[in-house]
Amino acid sequence: MSERAASTTEAACVVFDIGELVVGPSTDDSSETPLEIRENAAVAAVDGEVVAVGSSEDVTREYPPENAETAIDAEGRAVVPGFVDPHTHAVFAGDRSDEFEAKLRGAEYQEILEEGGGILRTVRATREASDDDLLANLTGHLETMLAHGTTTVEVKSGYGLDTETELRLLEAIDRADDAQPIDLVPTFMGAHAVPEEQDTEEYVDAVVEEQLPAVADQGIARFCDVFCEEGVFDVEQSRRVLEAGAEHGLTPKVHAEEFTRLGGAQLAADLEAASADHLLHAAEDDIDALVDSGVVPVLLPGTAFGLGEAYADARAFLEAGAPVALATDFNPNCHSRSMGFAQTLGAVEMGMTPAEALLASTHNAALALDLDDGTGTLREGAPADAVVLEAPSYVHVAYRFDTPAVDGVLKAGEVVHG
Ligand SMILES: N=CN[C@@H](CCC(=O)O)C(=O)O
Ligand SMILES: [Zn+2]
């Protein structure tokens, strides 16, 4: 036994007798699957980090379960890295279920927005909500996400559209980060829509000159995002916001080519954004530009499903060598908090294999958030965030689409669900 093990064994969390352990992306080019998978495995964690991954026999010899603070006998079930959801708008108030009905009767998403509904309706409800109500709404959604196996979530502001409310939303994200187990990654998205009281140019000025400096001053956002779309922010306005964000230390992200091909993907490539998201209308040139500049494509199949739109071309991205990520896009227009369901849609509707969908929901999703600490893997040194499945194989994540195939969830080596 190593000295490190002798001195730390008692603090360890050990999950043993794992039938199928998904460690992370495969490093073997000749492998048929993009995942590194170990059978009859175990994983041990100390101080929230993975310290050993290997055969159940070897790991339990070094970290005996009987000495561990938390010991889980997986009894042959599969264990995968905790899911990372890299695109949500989870902090808001109000209800838009009637718009869902209107869309089923033929109303268009953008028409609803132009008429003051959609995002603008959520903005009115959000501005009226108290800080505590916003926090309670957000933590409620996060509880559901955790039960579905998600351990890291990006959350955007963007239903305030004024300095005071945008800051309140980012503060709610900050408070929620402390109040529950999921790690939250905050994104400032003042440029989500143009508020009813201003015209677009005036509003872009307000985002750049007032909102961004205030957000940067508080130090409560990591990314800056913009809805680059016909009728919302054009490419030049989007560029202005993202460049100003970058000057304040916020890494760009772009809502790109969702309803029209406006140029958001090329902009994301130009600015070396962390990700370009949606991409339903991305063309081959856009895909190449994103791959060449290392921008992660984040695909949001729940949105296409809910709107009845054609899905993004996941296969074209994968064939171009892109590290495709999946996300829920949870928002009042896309009421799904399940990364498992995103994987089902990725597999059934976008032609991804269950392994590609799982990789897209773990390691690649972490790349979209610039997380380089091993998040989304269960390699040594990574955060010990894991899902013990209720099944013998990771394939059950995409296969089951009624309830999550989750038996238990570990965050930083502690059982936080199940
Ligand atoms: N497309 C822009 N923003 C969200 C939708 C927000 C809303 O409709 O409230 C999205 O990513 O899908
Ligand atoms: Zn979005």
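Keep in mind that glycine also has a Cβ here, set from the backbone N, Cα and C atoms.
Listed by TrEMBL as binding Zn(2+) are HIS87, HIS89, HIS255; the candidate from ASP162, ASP177, ASP178, ASP329 that the record includes in that site is ASP329. Binding of 4-imidazolone-5-propanoate is attributed by TrEMBL to ARG96, HIS192, GLU258, and within the candidate set TYR159, TYR311, TYR394 the record adds TYR159 to that site. With a cut-off of 8 Å between CB atoms and residues at least 6 apart in sequence, the same chain places HIS89, VAL91, PHE92, ALA93, ILE119, THR122, VAL123, THR126, THR165, LEU169, HIS192 near TYR159 (4-imidazolone-5-propanoate binding site), listed in sequence order.
Here the CA atom of ASN331 (N-formimidoyl-L-glutamate binding site) lies 10 Å from the CA atom of HIS87 (Fe(3+) binding site). Cβ proximity to the Fe(3+) site centre (mean Cβ of HIS87, HIS89, HIS255, ASP329, cutoff 8 Å) flags the following additional same-chain residues: THR88, LYS156, ASP225, ASP277, HIS278, LEU300, THR303, ALA327, ASN331, CYS334. DSSP assigns GLU258 (4-imidazolone-5-propanoate binding site) to coil, not to a helix or a strand. Rounded to a whole number, the C-alpha distance linking HIS255 (Fe(3+) binding site) with ASN331 (N-formimidoyl-L-glutamate binding site) is 14 angstrom.
Between the CA atoms of ASN331 (N-formimidoyl-L-glutamate binding site) and ARG96 (4-imidazolone-5-propanoate binding site) there is a gap of 10 Å.
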